[in-house]
Protein chains: 2
Amino acid sequence: MPKDQKPRRPKAETPKGFRDYFGAEVTERGAMLARIAEVYRHYGFDALETSAVETVEALGKFLPDVDRPNEGVFAWQEEDRDWLALRYDLTAPLARVYAQHRAQLPTPYRRYAMGPVWRNEKPGPGRYRQFYQCDADTVGTPTVAADAEICRMLCDALETLGIARRDYVVRINNRKVLNGVMEAAGVLDPADPDRFMHERGIVLRAIDKLDRLGTEGVRALLGEGRKDESGDYTKGARLSEEQAQVVLGFVEARGATGAETLRNLTDLCGQTQTGAVGIGELTQMAELLEAGAYGTDRILLDPATVRGLGYYTGPVFEAELTFEILGEDGKPRQFGSVAGGGRYDDLVKRFTGEAVPATGVSIGVDRLLAALRAKGQVAHEEPGPVVVTVMDRDRMADTFAIVADLRNAGIRAEAYLGNPKSFGAQMKYADRRRAPFAIIEGSDEKARGVVQVKDLVAGAQAAQTASLEEWKDRPAQQEVTRADLVAHLQRLLAK
Amino acid sequence: MPKDQKPRRPKAETPKGFRDYFGAEVTERGAMLARIAEVYRHYGFDALETSAVETVEALGKFLPDVDRPNEGVFAWQEEDRDWLALRYDLTAPLARVYAQHRAQLPTPYRRYAMGPVWRNEKPGPGRYRQFYQCDADTVGTPTVAADAEICRMLCDALETLGIARRDYVVRINNRKVLNGVMEAAGVLDPADPDRFMHERGIVLRAIDKLDRLGTEGVRALLGEGRKDESGDYTKGARLSEEQAQVVLGFVEARGATGAETLRNLTDLCGQTQTGAVGIGELTQMAELLEAGAYGTDRILLDPATVRGLGYYTGPVFEAELTFEILGEDGKPRQFGSVAGGGRYDDLVKRFTGEAVPATGVSIGVDRLLAALRAKGQVAHEEPGPVVVTVMDRDRMADTFAIVADLRNAGIRAEAYLGNPKSFGAQMKYADRRRAPFAIIEGSDEKARGVVQVKDLVAGAQAAQTASLEEWKDRPAQQEVTRADLVAHLQRLLAK
């Protein structure tokens, strides 16, 4: 029984970068996750839920921002034992699970997972340190059929959520093609793959920021470096102008058709072994997708799509919403990426020493919800329960009986449980609850076997000030017999 | 692009005390949470989801094990800033949320919350450091009608989950009655409530362990202390024999009827002011519950139910499953408590300085699932997808076309994406996936416009060794035209 420490009260605040979600925010996300899970399951993926906590050792350092390899996670040390951390994505735990349980799991192992992940980043506007991911991965097969399947499933999931066929596009590319280009540009030596690794990392992250930085920004990062608007300087990869031109040629290799894009890529790096393999995989994926009617209205070959993560080894893909929404500044803007993924053949190998090819996708559910909300496709609020007011504290059993009748008939309902003295306060409460109806059973109504049904949607404006008598006079109020109450409300709610 | 560190591989292990949940374990818990949420919502409770992370200051130290006030949570310090921690329950975050957002929230505020909580405890068999809670609370009203409502809702939730009317009981009691008894026993001085606080804490926790320790164990803890089986010594409250007798009289005050129990309690502590108030609240709650037909077949007045948490201030309640299950030792045993809660009028006051009465319940979903599984009411596994085998890697588009046809017809289906060379491996895979059927379309089937449908439930035993030819000979295999495949499978799956 803790003592009140009077001199100092704790602050009632969410930690910086975290937030609370109320009502519809919670139920809509839950509904969205359930709908995506249904698509994943339908494709044969099985559920997996790992704990939020992993050993730092098992997680590894695969956050996008490899410039700060020791940051990015929330971590602590167990007394005299391991360092533990909150997972920063759902892929690292999957690699650990597959390595740990592979003897019992089917191969290939298709699994889906959904839940919060945590990033120890500087919080910013609209940027939280806990957010939801919703992933599906196939572990244990090298075939690009697995990558193609995941792209189809991503399209199906987005359409199931109500995103129309031409309101999104899934851009696909292949890291092997990028590596072929790196080789052609002289920043990848097949005989010594570790050489220029640092430079290639800078190139990768520069291309990934093309949307934001534009061609000239990327060119600066391929060369000496770039100062951003805040004055921060990012060191460049120090490529020569000729080398940078090869890389930029790749980024801009998208042709009018997929076939033209593939021809451009072949010109750029078809002569390298890795590049040729990558172009072959990209061709095969596009063919499999088109054969299933997942054609260019949904899937686009786009060399500029590279994904920022270092661990991808083959196909990469990214879903982008193509409709415009109003930004915080009131100007229309593209919403951008809401899902992405790719093939990562070396993550499980960290644990087992054996190559275990894998591929997967992650849907950013919070971003997607924000997009659908901005588009007006998802409601901001949900209707409240019917509120049964309390006229007499000693007749609470009567109030409960009305509420029970409504609930038993499938109507969401509650008794007013605050201080019943002020009727205005009860109406204010019902208003704040967004109650569609309030029920009134005063002692004279009780004696006459009737109740008053108040339509609050019709009468919402007056709710702040009206007295009980004023309320009874409003046209939006009807008297019905107690026996007919349930049927009456069912009729009203069905409208 | 991280380098492989060859000399040392990370261990693929969950941290101690954590575990992974696969397939049905995840989906069944999800289904159970959804069903409980539906009951909570129906009662007018709104969803709230707070982040897993809170400031240590906001969480406060309210873990049941107050003997170790600095332990019990996973905590870490932000760089030059606050200490943060993972929430250990869903009540402490609610108190913080209500204090922070009360101007925008309705009063009373009914909310439900579900999600994992974390306890930094020594892990033991079946005892994990992350587990799910599923709470509903009403904040901002002192009326015991709110407590009664929550007890009704708890009964409804348990019955909605398939727990039959006499397979559970909700025991109710009141901390004010306990305090009245403490006063009668001379371990609570209304003029100086801080006096004997330590002793009362020991008494509370001793009574809470009555089930496990028996009357004599509790008596020892009320007196000098007690050595448990492991040899650990727990210091007692050092009450005199007379004092201990008063407390034990309370614990055993349950009569044959509720009315008799209330008379016994009145004899014990009705003369104290607090005791009389508590008995009044308990009487009122029982009346409200019985008026709604939540009578003694579901609700039981039980003075031995006190709950271990220090912060309760009035009504307390606990749901217990009354059926027997087989324990780990093969012997039948009672399953025990699966949910509990009570009134805590001072938790929000920590933040605001103003009294904010509140009451709530927490359902231990993982325990409840374990009970239903032990009783055979929840399946351990779910059926797998139809597996379409791959006879020819170059005809993957054909395989995908079959899978797409099945999925479009609402049938969960997948293509085999492993190495297709060994047909036996494909059958082993289908077996491990618990696939009800496998589909085979070799090149001759393709030429003839037919497919083979293999009934794997019938043929599961032979799956380990059979060759393709042996499989085709089995009676559990049927040839159907490709055009008729979907309808054929729909007929089989509907059986």
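Cβ coordinates are placed from backbone N, Cα and C, and glycine is handled just like the others.
Automated prediction, rather than curation, is the source of TrEMBL annotations.
Summarising the annotation, TrEMBL assigns L-histidine binding site to A:ASP89, A:LEU90, A:THR91, A:ARG119, A:GLN133, A:ASP137, A:ARG307, A:TYR311, A:TYR312. Marked as domain 'Aminoacyl-transfer RNA synthetases class-II family profile' by TrEMBL: A:32-383.
Looking only at other Cβ atoms within 10 Å, the busiest spot among the binding-site residues A:THR91, A:GLN133 turns out to be A:THR91. Residues A:ASP89, A:LEU90, A:THR91, A:ARG119, A:GLN133, A:ASP137, A:ARG307, A:TYR311, A:TYR312 are listed as the L-histidine binders, and the farthest two of them sit 21 Å apart at their Cα atoms. Taking all protein chains in view, 26 other C-beta atoms sit within 10 angstroms of the C-beta of A:TYR312 (L-histidine binding site). Residues within less than 8 Å, Cβ to Cβ, of A:ARG307 (L-histidine binding site) and separated from it by at least 6 positions along the same chain comprise A:ASP208, A:VAL316, A:GLU318, A:GLY340, A:GLY341, A:GLY342.
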